[in-house]
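Asker: After the structure tokens below, expect a handful of questions from me.
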Amino acid sequence: MYTLNNLVVFWNHYKSQKFFSSVKDHFCTGASEFTSQNYRTMDTTSKGDHEEVKDHVSNGHADAKRSAPQDSSGEEIKRQKPNVPEGMSKREWKRQMKKQKREETKDEYRQKKKEKRKQARERRKERIREEGDANSNADSDEARNHHQQKRIKYNYEEQKKTGVRILMDCGFDDLMNEREIVSLSCQIARAYSAQRHCKHHLQLDITPFNKRLKQRFDEAIPQYNKWSTVNFIEGDSLENALPMDDPESMKKITYLTADTDNEIEELEAGHTYIIGGIVDKNRHKNLCADKAKELGINTARLPIGKYIKINGRSVLATSHVFELCCQWFETNHDWAEAFNAVLPPRKLHAASQTSSAQPETSEEATDLS
């Protein structure tokens, strides 16, 4: 039978155990089994154990202090708080600092990237030599899509005129972040490249060309001023590039978006097709369809769901939509072949990677907005 003194000792032991359980992983080598002798001696030993743990903790703080950065006199250097401009959030300030650092190291980054591309070309040539010319060349030509094949550039005079105008609506600057603006500028550059490598000419207009998108081109792609086959229309809105006061001409304008039941089977000469120039990962629903409805513009979607199956998210890049329009003419008006030529293999089901794909009306349309 325990006496009052034993109960007090037991309670002290319980508190000690609770304390040791939280620090034993760092400061203790193990736990000993308690016996009746432990209970009798706990009142005299617990204080010593606490002092031992205290020494471990003190030594740990001392080690941490010694590892902190120090100046020449041995005093610890205190971290300076960043001078964030008034009216700017800390997150925005960090973003601006990163952008400034990228600008300062841009030339060095480009040089490293150039060297990596050169090394990759050398490795590819070496691999082709090892695999053998005949088999590797035949297999690779069949496996590559038009992005990977070496293509011929055509001058404007050499291209067959289609009478089709593609208008890229870039009036969504305020809905994109800085990274998405960069992505959109790269997609416009790819669209220009696709236009140059196409036997058929589709007129490409970019509007409204202003704000951060224009700033991005001026800083990173200044050669855009020499793109004679692309019209950059500086205005405040899409309406500036459309004949809003001519109802008959407006009937020949179509906004391409997935948020409609209308499907187009062919691109007609004398017609204008608008592509939504926005990178938003489908964040803004019905954006292009609502804008077209507000302006009184017809809407339609490409018949992508009829001919191929898509892996993952069915969202196409802006440049892909323009390339599809180009390839439709290149493939003699064959949508299935155009889709398989343009879309990356990772987005296609294996069964659909063939030009002989049959229409499948049960598939949902791809989001082109």
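Residue numbers in this text run from 1 along the chain shown.
Using the three backbone atoms N, Cα and C, a Cβ is placed for every residue, glycine included.
The feature region 'Disordered' is assigned by TrEMBL to 41-151, 350-369. Annotation comment: TrEMBL describes 46-68, 88-110, 123-132 as compositional bias 'Basic and acidic residues'. Residues or ranges marked as compositional bias 'Basic residues' in TrEMBL: 111-122. The domain 'SAM-dependent MTase TRM10-type' feature in TrEMBL is assigned to 152-350. Feature annotation from TrEMBL assigns S-adenosyl-L-methionine binding site to Leu256, Gly276, Cys288, Leu302. If you look up TrEMBL, you'll see Asp280 marked as active site, proton acceptor. Taken from TrEMBL, the feature compositional bias 'Polar residues' applies to 351-360.
What's the neighbourhood like for these features in this structure?
Answerer: Non-local neighbours of the compositional bias 'Basic and acidic residues' (88-110) in the same chain are 82, 178; each lies 6+ residues outside the stretch with a CB under 8 Å from one of its CB atoms.
Helix, strand and coil counts under DSSP for the compositional bias 'Basic and acidic residues' (123-132) come to 9 helix, 0 strand, 1 coil.
The domain 'SAM-dependent MTase TRM10-type' (152-350) scores a mean pLDDT of 91 in the predicted structure.
Every protein chain considered, the tally of other Cβ atoms within 10 Å of the Cβ of Leu302 (S-adenosyl-L-methionine binding site) stands at 26.
DSSP assigns Asp280 (active site, proton acceptor) to coil in the three-state reduction, outside any helix or strand. Every protein chain considered, the tally of other Cβ atoms within 10 Å of the Cβ of Asp280 (active site, proton acceptor) stands at 17.
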Asker: Test of understanding: give the count of other CB atoms lying within 10 angstroms of the CB of Gly276 (S-adenosyl-L-methionine binding site).
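Answerer: Taking every protein chain into account, the count is 25.
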Asker: In the same chain, who gets a Cβ under 8 Å from the compositional bias 'Basic residues' (111-122) while lying at least 6 residues past its ends?
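Answerer: Non-local partners: none at all.
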Asker: If you measure Cys288 (S-adenosyl-L-methionine binding site) to Asp280 (active site, proton acceptor) at Cα, how many Å is it?
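Answerer: With the alpha carbons as reference points, the distance is 12 Å.
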